[in-house]
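According to TrEMBL, the protein carries these features:
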| type | residues | note |
| --- | --- | --- |
| DOMAIN | 19-229 | domain 'Serine aminopeptidase S33' |
| BINDING | PHE25, MET94 | substrate binding site |
| ACT_SITE | SER93 | active site, nucleophile |
| ACT_SITE | ASP193 | active site, charge relay system |
| ACT_SITE | HIS223 | active site, charge relay system |
Amino acid sequence: MTIPEHARPFHADGGHVGVLLCHGFTGTPASLIEWAHHLADAGYTVSLPRLPGHGTSWQELNVTAWRDWYDHVDAAYAALRETCDTVFVAGLSMGGSLALRLAEQHPDVAGLMLVNPALGAVDPLARFAGVLKHVVRKVDSIANDIRKEGVDEGGYDVTPIAAVHELHKLWADVRSCLDLVTCPIILFRSAVDHVVPASSSDAVVRLVSSDDITEVILPNSYHVATMDHDAATVFAASVAFMQRVEAETARR
């Protein structure tokens with residue numbers, strides 16, 4: 001199957017500090033590509049993979065397990081660790097969930113940059129996906145929750161229900177081990193998000209063991225903030241965060 005241009009992974013070689021970017025559920029690397037370019041221009045080595053089942057067809061995603069998504073970013077993280085002295089991990093929505101799991105499994109993650117990280121969904125029916133998948137295969141799309149007009153993240157035009165069930169399994173796994181996360185975190189939360197509830201970010205802040213957590217509220221963006229009005233804030237603040245963490249680590 002030919003992968004469309006917007007769904008193709010991105011990699012840029014840079015300095016000794018690497019950044020792994022993880023996109024969200026039903027989305028593509030397009031949702032994070034501008035962030036990736038900004039980081040590459042700042043001199044970082046950047047990896048933005050395409051998650052299994054994404055950027056192809058919703059039917060393919062519907063037969064993909066959450067461990068397929070995680071194993072893919074885990075391999076990408078390992079590849080960065082081979083060439084970089086330090087690696088930060090960033091994620092949007094489900095990508096934030098995957099980033100958190102990486103930090104749970106790998107204490108050497110230097111820091112997390114999370115944008116509207118998902119540990120639950122606004123739609124109350126999502127929790128019943130394990131039952132609904134036996135009745136319906138898909139529901140309406142969750143893509144393009146973007147306040148800025150004329151922007152398309154390249155996500156699927158439907159939401160596959162069996163994959164939503166896998167997403168819930170991922171959330172349960174991540175939530176159960178959040179206390180293992182000890183690295184510095186910068187968490188960006190949109191003031192209005194129609195996909196992920198504010199309680200997800202609240203849970204991250206409450207349950208992780210990190211003592212260095214910065215929250216940034218994005219007043220003019222919806223869920224896909226990396227393509228919205230506050231994208232520049234995310235890009236600049238993430239670089240400043242990494243520079244600060246690197247400097248503090250060097251002083252120890």
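Using N, Cα and C of the backbone, Cβ positions are placed for all residues, glycine too.
TrEMBL does not curate its annotations; it predicts them automatically.
Positions of the features from TrEMBL, shown on the structure.
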residue	record	DSSP (3 states)
PHE25	substrate binding site	coil
SER93	active site, nucleophile	coil
ASP193	active site, charge relay system	coil
HIS223	active site, charge relay system	coil
| remark: On average, residues of the domain 'Serine aminopeptidase S33' (19-229) score a pLDDT of 95
| task | Rounded to the nearest Å, what's the C-alpha distance separating ASP193 (active site, charge relay system) and MET94 (substrate binding site)? Just drop the number here, would you? | result | 14
| field | Spatial neighbours of HIS223 (active site, charge relay system) among the recorded positions PHE25, SER93, MET94 [C-alpha, 10 Å] | value | SER93
| field | Of MET94, ASP193, HIS223 (the recorded positions), the residue whose Cβ has the fewest other Cβ atoms within 10 Å | value | ASP193
